[in-house]
Amino acid sequence: MELENDTRIPEFLLLGFSEEPKLQPFLFGLFLSMYLVTILGNLLLILAVSSDSHLHTPMYFFLANLSFVDICFTCTTIPKMLVNIQTQRKVITYESCIIQMYFFELFAGIDNFLLTVMAYDRYMAICYPLHYMVIMNPQLCSLLLLVSWIMSALHSLLQTLMVLRLSFCTHFQIPHFFCELNQMIQLACSDTFLNNMMLYFAAILLGVAPLVGVLYSYFKIVSSIRGISSAHSKYKAFSTCASHLSVVSLFYCTSLGVYLSSAAPQSTHTSSVASVMYTVVTPMLNPFIYSLRNKDIKGALNVFFRGKP
């Protein structure tokens with residue numbers, strides 16, 4: 001029993017992006033700026049939706065929740081990385097690493113489910129406009145949100161418990177800027193067959209399945225839009241989906257890039273850089289993508305800050 005306990009290490013080293021001292025101030029300033037923009041942008045979007053009663057609709061309900069999750073998602077990794085860069089201390093305890101991994105998987109999963117639910121919401125709004133508010137009632141919206149949280153929490157808990165059974169013998173260095181699940185599994189010196197099988201199963205169930213749902217929803221949406229005779233109505237229908245489609249494409253393309261880069265040999269640096277895209281860049285861009293051409297969001301913020309439409 002004592003031998004087994006000795007294989008449990010007290011801490012890991014997060015190697016980050018670069019050990020070059022001259023690059024540390026640049027990296028700190030870059031990620032601090034992106035972090036602050038992410039928090040501010042998503043908070044403003046939540047503020048706009050909550051302050052304007054006209055935006056209390058299913059679409060904006062899910063959008064506000066997506067912004068909240070994006071804030072939490074970013075807060076699981078960036079603050080620790082900023083502290084490590086500033087203090088030049090890359091140590092993270094075993095317990096902190098497990099906690100960070102759990103919440104990262106939790107919020108990444110909720111992000112994924114919410115994007116799928118939002119695609120379903122747009123499908124209902126465009127394909128069944130007369131019954132939209134009846135179908136997408138507050139009870140169903142709350143239920144879809146609750147199911148997203150529960151499924152993601154269960155998945156995150158299961159993956160975390162699977163990591164807790166692993167032993168780490170000699171390799172204490174994580175070639176990443178946070179405790180990423182796949183990196184943790186690769187560092188283990190015990191048998192990881194079950195962990196890898198669970199990882200692939202989760203990728204199919206929680207990655208491919210929601211993506212198929214999104215693609216199916218947009219296939220039906222495009223088919224429905226093509227049947228609209230009015231050019232103005234076509235443009236309006238398409239514009240309501242363009243923002244969400246941009247966010248979905250950004251999220252899934254960058255996630256796929258991380259998955260492919262982590263599967264390739266000798267690609268830890270590439271995987272870290274690719275991870276920045278969906279852990280930092282995507283949450284930062286989401287509020288701007290949704291509000292750039294959205295007159296309702298800009299109008300709500302204008303009323304809130306200036307007191308007039």
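For all residues, glycine too, the Cβ spot is worked out from N, Cα and C.
A quick note: this is a predicted structure, and the numbers were derived from the prediction, not measured.
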Same membrane side for LYS22 and ALA300 per Swiss-Prot: no
Chain residues in Cβ proximity to the transmembrane segment (101-120) (below 8 Å; excluding those fewer than six residues from its ends, i.e. six or more beyond): 59, 62-63, 65-66, 69-70, 72-73, 76-77, 144-145, 147-149, 151-153, 155-157, 159-160, 163, 178-181, 184, 206-207, 210, 213-214, 217-218, 244, 247-248, 251, 279
For the topological domain 'Extracellular' (80-100), residues assigned helix / strand / coil by DSSP: 15 helix, 3 strand, 3 coil
Residues in the topological domain 'Extracellular' (159-196) grouped by DSSP into helix, strand and remaining coil: 17 helix, 2 strand, 19 coil
Chain residues in Cβ proximity to the topological domain 'Cytoplasmic' (121-139) (below 8 Å; excluding those fewer than six residues from its ends, i.e. six or more beyond): 58-59, 62, 217-218, 220-221, 224-225, 237, 240-241, 244
Contact set, same chain, for the transmembrane segment (26-49): CB under 8 Å, 6 or more residues outside the stretch: 16-18, 55-56, 60-61, 63-64, 67-68, 70-71, 74, 78-79, 81-82, 85-86, 280-281, 283-284, 286-288, 290-291, 297, 300-301, 304
The topological domain 'Cytoplasmic' (220-236), counted residue by residue under DSSP: helix, strand, coil: 13 helix, 0 strand, 4 coil
